[in-house]
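The annotation FAD binding site is assigned in TrEMBL to B:Arg208, B:233-234, B:247-251, B:264-271, B:Asn285. Annotated domain 'Electron transfer flavoprotein alpha/beta-subunit N-terminal' per TrEMBL: B:3-188, in sequence order.
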Amino acid sequence: MKIMVTVKRVVDANIKVRVNADNTDVELANLKMAMNPFDEIAVEEAIRLKERGDADEVVAVSVGSDACQEVLRTALALGADRALLVKTEQQLEPLAVAKTLKAVADNEQPDLIILGKQSIDGDNNQTGQMLAALTDRPQGTFASELKIDGDEARVTREVDGGLQQVGLKLPAIVTTDLRLNEPRYASLPNIMKAKRKPLDTTTPEQLGIDTQPRLTTLKVTTPPEREAGVKVADVAELVSKLKLEAGVI
Amino acid sequence: MSILVIAEHDNAQLKDATLNALQAAVELKSATGGEIQLLVAGHQCQAAAAQATAIPCVDKVLVADCEPLAQQLPENLAPLLAELCQQQNTSHLLATATTSGKNLLPRTAALLDVAQVSDIVEVVSADTFVRPIYAGNALATVQSQDGIKVITVRGSAFSAVDAEGGEAPQQPLGSVADSNRSRFISEEVSQSDRPELTSARIIISGGRGMQSGDNFPMLEQVADKLGAAVGASRAAVDSGFVPNDMQVGQTGKIVAPDLYIAVGISGAIQHLAGMKDSKVIVAINKDEEAPIFQVADYGLVADLFEAVPELDQQLA
């Protein structure tokens with residue numbers, strides 16, 4: 001079985017970003033960038049499937065600027081066999097990313113595509129589902145457990161009410177939630193080895209993808225900041241404030 | 001022109017989040033004038049459809065009742081939605097930004113070859129919406145160029161419309177085919193007599209500081225006295241203290257109750273993203289440097305294992 005796993009380069013999850021001076025975007029210059037945390041989980045799951053003997057090849061794919069080679073090298077260091085960068089300087093919307101990934105999937109014919117459920121920059125939570133529609137594959141979103149059983153992927157999904165189990169006929173699409181696994185760290189020898197693994201490059205144009213944006217961002221603003229309130233001395237003062245001052249209990 | 005809203009339900013009961021999504025539809029209706037249609041798609045879902053009919057702002061209830069839609073698997077439901085939108089000149093397709101809406105709607109948008117605007121918190125005009133990005137640290141105002149606007153609605157940002165008193169006509173839809181690509185196997189739904197997190201007026205949440213799932217009954221006792229729901233931080237869920245459906249945060253549930261009590265929660269960016277629009281925030285934490293205090297209206301620096309039982313007593 002062949003697995004395709006997608007990785008996005010995003011701002012580090014621990015950084016609180018700020019809106020830029022002309023209110024057109026957030027300020028990302030000189031910030032630490034990293035692999036999207038949900039994609040780390042996707043890579044880890046793909047590698048575990050290979051280690052378990054369910055998969056024999058893991059291909060990592062990223063769509064973005066040249067700098068995305070870093071996150072692809074990370075995926076290779078973690079255990080992916082080869083990587084593909086679809087290079088574009090444009091900030092693609094999820095639909096365009098899904099179309100690009102579909103074109104890659106048409107070439108690669110993976111049995112399973114694993115994506116992070118959302119990227120922590122745009123917070124869209126769309127690409128996996130869109131890719132599933134475009135490739136006419138079943139989808140197991142927000143996965144907290146994944147098992148391969150013959151030609152079926154069994155996915156436990158984290159849903160608002162609890163957990164749901166679905167069976168997906170392969171080829172299928174899975175998006176990862178937080179509890180699917182705990183990603184490993186790349187070892188130094190593997191980081192060195194990753195430098196020699198194949199990393200190919202293509203472009204949306206070469207794949208014949210229309211990446212025309214459908215949305216226009218008119219402005220980006222800072223949400224109203226919450227002011228820190230007061231410290232109370234003890235529980236009695238807290239209860240009294242909640243009753244008399246805030247009137248919420 | 002029509003505004004099509006997808007009802008969230010379990011065949012027997014309409015979920016409250018639907019009423020918040022309908023508020024966004026009401027705001028769109030005043031901009032476009034189209035009728036509001038509420039789709040109840042399921043199997044043996046007459047009870048949910050009857051509740052949909054009673055919502056005064058709904059102009060028409062569409063009912064798709066057939067076996068392949070029993071669990072509303074997106075492989076079966078998305079093609080029906082795409083077809084409906086194309087057939088009846090739908091201007092806006094809306095769903096709740098819950099796990100079911102997030103699962104279903106992007107699949108539908110891609111079938112329609114349109115973008116989706118996720119998790120809107122404000123309707124600016126018929127084609128312009130505000131949505132949070134970067135864990136809510138920025139708000140983007142986006143305008144959609146697509147003919148059909150596909151939108152998920154953040155429930156906590158819209159008030160609920162009235163649920164009773166309407167008599168919308170019902171229109172049955174034909175049945176859909178099973179894709180035979182996916183099947184429902186099972187579901188473990190957490191049972192609780194407490195209010196749902198996303199619609200509770202008061203929430204008390206525990207974090208890593210709770211140390212163990214065994215200590216959560218302490219919060220539950222307080223919750224029951226306040227009529228509150230119990231939530232958790234990602235740290236508490238990741239550590240296995242409590243199940244995933246209790247998680248509040250960027251990738252869990254987004255809540256905005258009147259009162260949010262954070263117990264033993266440090267206040268990571270992704271947690272704040274899920275609760276910082278609460279009206280009143282209380283933080284109980286023994287670390288006075290914890291970032292949660294920067295957003296708390298009332299902060300109590302104390303050992304939670306002393307403070308929570310005391311709070312419980314004082315509420316008696």
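Here the Cβ of each residue, glycine as well, is placed from N, Cα and C on the backbone.
Keep in mind that TrEMBL annotations are predicted by a computer and have not been checked by a curator.
The most densely surrounded of the binding-site residues B:Ile265, B:Ala268, judged by C-beta neighbours within 10 angstroms, is B:Ile265. The number of other CB atoms found within 10 A of the CB of B:Arg208 (FAD binding site), across every protein chain shown, is 17. Within the set of binding-site residues (B:Gln247, B:Gln250), the lowest number of other Cβ atoms found within 10 Å of a Cβ is recorded at B:Gln250. Counting only same-chain residues at least 6 apart in sequence, those with a Cβ under 8 Å from the Cβ of B:His271 (FAD binding site) are B:Gly207, B:Ser233, B:Arg234, B:Val248, B:Gly249, B:Gln250, B:Ile265, B:Ile292. In sequence order, the binding-site residues near chain A (CB to CB under 8 A) are B:Gln250, out of B:Arg208, B:Gln250, B:His271. DSSP gives B:His271 (FAD binding site) a helix state. In the three-state DSSP classification, B:Ile265 (FAD binding site) falls within coil. DSSP classifies B:Arg208 (FAD binding site) as helix under the three-state reduction.
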